[in-house]
């Protein structure tokens, strides 16, 4: 699924830097939701086929941290020469105590940055204020790299996943929570006394993570009982149609992705090219805004969508090969040693 992940990352990127006529994209929101579906699938796959027991949870969490944090650290450190780091830090220091703590913590560890999308500082006090709705919103201004809010939500899923996705029953319950939340917000949020960004609260994305979780489990259900499997897929389609607010074509694409995650993964899991495309997706997603800031600050060439695009691709390739690949190499060595110590016969399959 590497090319698809790359395409989705590019779609988000072009929504921020401007489009290039000959490169097709999809809406950024759809791309993010699709990422959540694929993340739900991959995490469920890993927790059932590699990190199979509670004893493996620490290694799972460590692996997720090493996958996300180094590239994120790179993305904020490159902002230092442009003065963006200092500017944002000074802004944070002017915020009320709680906002200050949240901003400092989340800018360091990513987790919690989504909270800043729901608050603003007004006359030294914290006010409920929704990003994208309140024109005076200032909480998001304290986030060094704004796309990190989606990673905060992603991390929340990682934290709860080991206690949910190893069980089909718990997986269905988790998905059902997302279904109920989205159905209610779709049909009744207009009755609230003030506008709310219901899509930015964790139960909403849980629907899409849950679709990915179901993408792992439903083929197993189908293989054991055809009638139950077909009925389950029909129920998934019905819930997607009932909950989505996107156009029908994009809505049906969520169902297609849910159905196709497993077979596409099985067909491409040993493809190095597919993996390379997939490896580029996260660095593109997390570095694209900082790199555009650096391009404008340097002023070496005209700041256009094409110059941004080329710079982001070069920067992302650098992140993959200079930062992520060496970390993954040493992580694989550590994993083999750990497996050898616990199960000497398992070293061949590490």
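Just so you know, glycine gets a Cβ as well, placed from its N, Cα and C.
TrEMBL: automatically predicted annotations, no manual curation.
What TrEMBL records for this protein:
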- 4-320: domain 'Acyltransferase 3' (DOMAIN)
- 7-24: transmembrane segment (TRANSMEM)
- 30-47: transmembrane segment (TRANSMEM)
- 68-85: transmembrane segment (TRANSMEM)
- 143-165: transmembrane segment (TRANSMEM)
- 171-188: transmembrane segment (TRANSMEM)
- 230-261: transmembrane segment (TRANSMEM)
- 282-300: transmembrane segment (TRANSMEM)
- 306-323: transmembrane segment (TRANSMEM)
### Task
Answer with yes or no whether the transmembrane segment (30-47) touches the transmembrane segment (230-261) by the criterion of at least three Cβ pairs under 8 A, sequence separation 6 or more.
yes
### Task
May I ask you to check whether the transmembrane segment (68-85) and the transmembrane segment (30-47) make contact, with contact taken as at least three Cβ pairs under 8 Å and only pairs 6 or more apart in sequence counted?
no
### Query
Which listed stretch (143-165, 282-300, 306-323) has the most C-beta pairs under 8 A with the transmembrane segment (7-24)?
282-300
